[in-house]
């Protein structure tokens with residue numbers, strides 16, 4: 001581990017919900033990733049807290065299974081781990097936990113500052129009671145205390161505002177770090193660099209030259225036994241209201257005054273406030289059924305899902321931004337589970353010039369595609385003369401595939417970056433309270449209408465492209481799909497788009 005500029009301080013990372021899946025699959029592996037990169041402060045303590053009674057040896061064995069890397073480093077990292085079982089709604093449990101933390105902190109030599117980072121890897125239903133416990137017993141007396149909160153941040157505007165209000169009574173906004181892990185992904189961070197560091201793009205970045213922008217999130221797995229939890233939220237709350245809206249705001253916002261976190265968020269909030277109400281006539285909802293062979297369970301067959309559930313596992317919606325740059329140009333957001341592939345991307349389709357010289361209607365549009373995952377890449381689809389004696393046109397691309405361009409590429413996990421930024425106190429990749437509020441203002445009326453009218457989702461087969469109506473919606477708003485085109489052309493990962 002590395003010494004920070006403030007080497008006379010201790011960092012205690014406290015993971016609430018340490019026995020849960022999120023902590024095991026994301027939080028601890030991210031901390032281990034930072035440890036491997038020597039990015040944790042030299043005086044670091046990692047303390048887990050949960051209701052489950054687990055012996056420390058069993059706890060470390062459980063965490064170890066999710067860690068990948070050098071075995072000796074893994075042993076060293078596991079030596080940093082501690083675990084305590086206690087209640088979430090009892091002050092005495094937090095007081096006892098505080099004594100244990102203090103005892104560990106006092107073992108550190110030559111330090112006079114004790115910083116604490118709290119990671120709430122817990123269900124949203126207990127955010128408030130755990131926050132009260134942190135505030136009442138665990139705040140550092142000599143150092144900073146910061147709190148990382150995982151989504152979902154409420155399930156509608158009213159519950160989100162209640163959560164923001166209650167947390168605001170306990171912590172200052174500068175000490176709250178609301179995680180949307182998509183903001184930590186390499187390609188999402190690259191969106192601003194591509195836009196504002198390359199002079200070739202900004203003159204084209206408007207309705208004058210772009211016909212549509214499609215932001216897509218596809219998973220090739222279903223709910224896999226988590227249907228009971230998923231059914232409480234649905235795909236719009238789970239993905240579109242947060243991940244995809246964050247990407248949209250970065251793609252569409254005006255240039256910020258600076259790269260300061262508040263300046264960037266100010267522009268994102270301005271942009272979000274320009275989004276017009278979503279029309280139900282411009283929304284497609286879907287729910288996956290079994291695969292054509294009947295081997296994979298349908299959503300309604302998942303344990304915990306009511307047999308009459310109308311919760312969508314797929315959604316597509318058209319967004320209209322009422323500002324000079326984008327007025328009249330559609331943004332199409334799509335997300336779904338149990339589809340034909342795993343993919344997240346931004347697809348910017350350009351208009352043809354008015355004096356287009358080629359008559360073939362099948363000629364594809366120019367597209368700038370930013371592949372967020374998997375296989376991070378940026379590629380520009382162009383038209384070129386096909387080599388030979390005939391004057392035929394074919395589609396090709398200028399391609400920046402990260403793993404081809406950058407040797408020995410080892411991209412950090414999004415959670416690694418976000419935890420590191422919270423240690424630094426950098427809010428650039430986190431969600432501010434007013435940003436969260438306007439996001440719920442956009443989606444709550446739509447969600448209320450869907451639930452009030454019990455709108456039935458369109459069925460689609462597990463492993464398909466999704467509801468047929470979604471492709472029809474895109475076509476209606478000017479998106480032209482390039483059939484038969486493979487990217488990358490010589491890779492088995494290529495997908496026809």
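Placed from the backbone N, Cα and C atoms, the Cβ positions cover glycine too.
The NADP(+) 1 binding site annotation in Swiss-Prot covers 17, 18, 19, 20, 21, 22, 23, 24, 51, 151 and is backed by similarity to another entry. Of all the Cβ atoms in the protein chains shown, 23 others lie within 10 Å of the Cβ of residue 17 (NADP(+) 1 binding site).
Secondary structure from DSSP puts residue 373 (D-glucose 6-phosphate binding site) in a beta strand. Around residue 373 (D-glucose 6-phosphate binding site), a 10 Å sphere centred on its CB holds 17 further CB atoms from the protein chains shown. As annotated by Swiss-Prot, D-glucose 6-phosphate binding site applies to 151, 181, 182, 183, 184, 185, 219, 238, 337, 342, 373.
Around residue 243 (active site, proton acceptor), the same-chain residues at least 6 positions away in sequence with a Cβ under 8 Å from its Cβ are 180, 182, 217, 335. Here Swiss-Prot flags 243 as active site, proton acceptor, drawing on similarity to another entry.
Marked as NADP(+) 2 binding site by Swiss-Prot on the basis of similarity to another entry: 334, 343, 347, 371, 379, 380, 381, 399, 400, 401, 465, 487.
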Worksheet item: Here are some binding-site residues: 51, 184. Which one has the most Cβ atoms within 10 Å of its Cβ?
Response: 184
Response to the item:
Among the binding-site residues listed as 21, 51, 337, the Cα nearest the Cα of residue 381 (NADP(+) 2 binding site) belongs to 337
Discussion item. Could you check which of the binding-site residues 19, 347, 465 is the closest Cα neighbour of residue 337 (D-glucose 6-phosphate binding site)?
Written reply: 465
Item to complete: Starting from the Cβ of residue 182 (D-glucose 6-phosphate binding site), draw a 10 Å sphere and report how many other Cβ atoms land inside it.
Response: 22
Discussion item. Let's check the environment of residue 23 (NADP(+) 1 binding site): how many other CB atoms sit within 10 Å of its CB?
Written reply: 23
Worksheet item: What does DSSP assign residue 151 (D-glucose 6-phosphate binding site), in three states?
Response: coil
Worksheet, complete the sentence: CA pair residue 184 (D-glucose 6-phosphate binding site) / residue 23 (NADP(+) 1 binding site), Å rounded to integer, equals 17
Worksheet, complete the sentence: Among 21, 23, 151, 219, i.e. the binding-site residues, the one with its Cα nearest that of residue 379 (NADP(+) 2 binding site) is 219
